[in-house]
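Listed features, source TrEMBL:
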TRANSMEM  12-37  transmembrane segment
TRANSMEM  57-78  transmembrane segment
TRANSMEM  90-108  transmembrane segment
TRANSMEM  120-142  transmembrane segment
TRANSMEM  154-179  transmembrane segment
TRANSMEM  199-217  transmembrane segment
TRANSMEM  246-274  transmembrane segment
TRANSMEM  286-303  transmembrane segment
TRANSMEM  315-334  transmembrane segment
Amino acid sequence: MVGLKKSLIGIFFILLVISIFLNITIGAFSISFSEILNTLLSPEENKIYYQVLADIRIPRVALGVLVGIAFGISGAMMQTLFKNPLADPSIIGISAGASAGVVIFMLLGSFLPSLLYDGFLSYLSLPFSAFLGSLVTIFAVYKLATIYNKVAVTVMLLAGIAINAMLGALVGVFTYVSTEEELKSFTFWTMGSLADGDIKVILTLIPIVVGIYIFAIRKKVELNLMLLGEDEAKNSGVNSERLKKFIIFFVSLAIGASVAFCGIIGFIGLVVPHLARLLVGSNHKFYLPLSAILGAFILIWADSFARIVIAPAELPIGIITSLLGAPFFLWLLIKNRQNATA
């Protein structure tokens, strides 16, 4: 059985590698493998192809892989933390906080120094405002859920729902008074896109995504014990409060950074852990690596469909992930309902 699980992880890893190369060839115009090889070997003779590959295709696919891993690992840990198969990273308000940060920045742009809004720092202004909104939201949820220096997971869930609703209302008010241009920009951002992937973004995300992956893998035994219940985990020597704080921190950092650069991409953090669990079970030794691989695999293919469906224009990637994820979510609800009535 262990051999089968390892084989499945190996198969999906190979499929991911193949998908990465295939996705580099896909776009407004196709680039064959031979053209890619010739371009990489002789960039001066193939300047147009080299520019497309180096500035657009490769960074975009790399961004999809990194963000997919972040959502897959984060979703897996959140479902373990909440012991709820319907939990995902957005449940504690990360995405809502990022949305609020972005819309506030867009509306206050005219009051900000030109250096931030139109100058050389403008490149980081939108991602930073999203990240700041996420951090403020997480801090508020965390403080509300901390009772006698212990994080109450149930209270955190309720606090996340409440703050999600409050921020949704705030965003609604701001979008109502925004200009048509601001509304278009914000709407596209909330639907998600990998179009802004470049070397700066990649280098920013690599240490964050590598960090959450290493943390998750190192804590796989403790996460397995958490599935048995907090009391059982404590009896086995797990510092559950410390573990919860670290999970919240790493998930907030990874998803906050991902949302900041890519916008809101729904359902990946919900669907991917379920698929991984169906394939290899709940043992985090296999569950976490497969969640990471499937997250990257699904996201880069969703991005490919977003690019080719209405080429040369592109759909927001959030539309594709919602079309894939919503039916799966409904299936989960029906399945859980049947289990509850059985």
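Just so you know, glycine gets a Cβ as well, placed from its N, Cα and C.
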*Using a Cβ distance cut-off of under 8 Å, indicate which of 57-78, 90-108, 154-179, 246-274, 286-303 has the most pairs with the transmembrane segment (315-334).*
246-274
_Within the same chain, where does the transmembrane segment (154-179) have neighbours whose Cβ lies under 8 angstroms from its own Cβ atoms, ignoring anything closer than 6 residues to its ends? I mean 6 or more beyond._
82, 84, 87, 90-93, 96-97, 99-100, 103-104, 106-107, 137, 140-142, 144-145, 147, 186
*asked:* Under 8 Å for C-beta pairs, could you tell me which stretch among 57-78, 90-108, 199-217, 246-274 has the largest tally with the transmembrane segment (286-303)?
replied: 57-78
